[in-house]
Amino acid sequence: MTEKMEKNCSPFEEKAIGAILKGERGGGDKGIDGQQAQQLVIYRGWKAMPYVIGNETFEKLGTIGTSANLLVYLTTIFHMNSVTAATLLQVFSGTTNLTPVLGAFLSDTYLGRYFTLGFASIASLMGMLILTLTAAFKTLHPPPCNNGENCESASPLQLTFIFLSFAFLIVGAGGIRPCNLAFGADQFNPRTESGRRGINSFFNWYYFTFTVAMMLSCTVIIYVQSNISWTIGLGIPALLMFFSCSFFFLGSKLYVRVKPEGSPFSNVARVLAAAYRKRAMKLPDEDHSHLLFNPPLVGSTTVSKLPHTNQFRCLDKASILASSDEVQPEDGKPINPWSLCSTQHVEEVKCIIRILPIWSTGVLYNMAMTQQGTYVVFQALQSDRRLGNNGFQIPAGSFTVFNMLALTIWIPIYDRIVVPRLQRITKIEGGITLLHRMGVGIVIAIVSLLVAAFVEEKRRSMALGEFAAPSGRSEVSPMSGLWLIPQLMLCGLSEAFGIIAQIEFYYKQFPENMRSVAGAFLFLGLALSNYFCSFVVVAVHRATGNGRGENWLAGDLNRGRLDLFYLLTAAMAVANLAYFIVCARWYKYKDLKAAAAAAEEIQMEVVKPSNE
């Protein structure tokens, strides 16, 4: 170890570091020449992307194509009543948003992202194949019946197959959702400028392929399912998922496979326990880094050493070296990891604590987007959806395509034109910071809600006013449904800033050994926002009811006040923006460049041949 590093260490820490390096430099299979822990990682970058993006594109096409029309499938083919089918799908949707947390834990702790993705992709394929079989074989679904007949319910065997397919799809979602984004970003070297640019572009193109898959699934695949054949309509996603698996395994020789490095949650628990045990210790007001147990990182090629920060000083007590008896003289490791933790583990816990307030603002932001995405379909149903004079009507459910269209158009423009110009002006990687992008997304969401309220007020006025039918009340407003496009396009722009920035923020700001957990965080936020949406809808429904079946969210929008509900949601979004600004000003970014430099310095120290 160099004098530069040693003079920054306490006497106790010098002893620990010496023991660690002695173990690393010892003979046999732990020697430097044959050290497996410091193997050179070859990043293929964009060479691996055809397989990664191909896998993700076909996976999204298959998954969305399967799930987008399940409500219709369960009610028309399996003869479930609407309440039962909706409840079943709500449980299915909620579970698929929660299982990624378990999948992330298993990936980061035991399996690694490559194995988790491979296993989950096969599980999704099995689920889609079983679902296709329920449509293809008459014995696996109830016999058809006409309207008005007493339709036969599904048998236990038929329900077993449908539930089995759901189980496989849930397992697949639990592994794919937290890992696919992190796995793609793993293929770029985060310690080089070109690698960091590649990661930034990958996040944008990942969401671009997602929106394209959504557009195709909500148009072509749903049309085939509803108008041609359920067997073909469900078989197409299964075939696409087969292509996804094929792309994934064909690129196996090119991938960087990050090995799991133990349970990150265990480290969190140890830091909290050690800080609590040493809570009576007092830290000096001045710099106290020399008192902390801060050994170099060894045995990892992916985790960067984090510099010490002064936030949450109480947690620093977990890494105070109270005496030399706290470390083992043989290898320099803590004798009791529940009473002494390294500064690295403490800083990782600080990263997580810093992220939580920002994450909570994302939950409220997603709620605003979800509410608008839900009720725009009802607005379309009660608007004039005709195009031209040929009688063609735009399906109400297809209006969400305009949201995705805005995303699809904007992402390439932003990635290839806007970002390079912004970088030259601001000298910031990515043009603006991730928190700035999230803030822009929230502002655009507020504007979209205000536009939605204005359009709904006009739609309702035209339905009830002078342009309405002679009865004075018209179920379908004469207002063209095309007036809904501006609010949908604004929603798409908001997602292009807010959602993509959230994904990138979690990936970059979480500790490297928790990147699968970072991938699961977005879906956990989506699950909570869905629950919060339900709570708000129920509360508004009850608070605004007048006893005559009329309230802000009445079944007939002309008898409700959806415009006021949009304004209420916009007010909540404004409050969330103020909360976000406070959190963003307080947030301290993980110093990626300092971490990369520290990791490089430590790696050079460990790899350099010893003169002893």
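Cβ atoms are placed via backbone N, Cα and C, with glycine included.
Away from its own ends, the transmembrane segment (114-137) comes close to residues 55, 59, 62-63, 66, 73, 77, 103, 106-107, 158, 161-162, 164-176, 179-180, 183, 230-231, 233-235, 237-238, 241-242, 244-245, 248-249, 252, 255, 257, 516 of its chain (Cβ-Cβ under 8 Å, at least six residues beyond either end). Marked as transmembrane segment by TrEMBL: 114-137 (among others).
Here TrEMBL flags 157-183 (among others) as transmembrane segment. Residues 52, 55-56, 59, 63, 66-67, 74, 78, 92, 95-96, 99-104, 106-107, 113-114, 116-117, 119-121, 123-128, 130-131, 133-134, 139-142, 203, 206, 255, 503, 507, 515-520, 523 of the same chain sit 6 or more residues outside the transmembrane segment (157-183) yet have a Cβ under 8 Å from a Cβ within it.
What TrEMBL records for 204-224 (among others) is transmembrane segment. Outside the transmembrane segment (204-224), and at least 6 residues removed from its termini, the chain residues within Cβ reach (under 8 Å) are 53, 56-57, 60-61, 64-65, 68-69, 181, 184, 232-233, 236-237, 397-398, 400-401, 404-405, 407-408, 411-412, 414-415, 492, 495-496, 499-500, 503.
TrEMBL lists 230-250 (among others) with the feature transmembrane segment.
The transmembrane segment annotation in TrEMBL covers 363-382 (among others).
The transmembrane segment annotation in TrEMBL covers 394-413 (among others). Same-chain neighbours of the transmembrane segment (394-413): 204-205, 207-208, 211-212, 214-215, 218-219, 222, 373, 376-378, 380-381, 385, 387, 481, 484-485, 488-493, 495-496, 500, counting only residues six or more beyond its ends whose CB sits under 8 Å from a CB of the stretch.
Look at TrEMBL and you will find 434-455 (among others) tagged as transmembrane segment. Remote same-chain partners of the transmembrane segment (434-455), defined as residues 6 or more beyond its termini with a Cβ less than 8 Å from a stretch Cβ, comprise 358, 361-362, 365, 368-369, 372, 376, 379, 483-484, 486-487, 490-491, 493-502, 504-505, 508-509, 563-564, 566-567, 569-570, 573-574, 576-577, 580-581, 584, 587.
Annotation source TrEMBL lists transmembrane segment at 483-507 (among others). Listed by sequence, the residues of this chain that lie at least six past the ends of the transmembrane segment (483-507) yet keep a Cβ under 8 A from its Cβ atoms are 181-182, 185, 199-200, 203-204, 206-207, 211, 355, 358-359, 362, 365, 369, 372-373, 376, 379-380, 383, 399-400, 402-407, 410-411, 414, 434-435, 437-438, 440-442, 444-445, 447-449, 451-452, 455, 458-459, 515, 518-519, 521-522, 525.
Only residues 6 or more beyond the boundaries of the transmembrane segment (519-544), in the same chain, are considered here, and those with a CB under 8 A from a CB of the stretch are 93-94, 97-98, 100-101, 103-104, 177-182, 355, 359, 362-364, 366-367, 370-371, 374, 499, 502-503, 506-507, 510, 551-553, 561, 565, 568-569. Residues or ranges marked as transmembrane segment in TrEMBL: 519-544 (among others).
With a cut-off of 8 Å between Cβ atoms, the residues of this chain six or more beyond the transmembrane segment (564-584) that come close are 357-358, 360-361, 364-365, 367-368, 371-372, 375, 435, 438-439, 442-443, 445-446, 449-450, 452-453, 456, 536, 540, 552-553. Annotated transmembrane segment per TrEMBL: 564-584 (among others), in sequence order.
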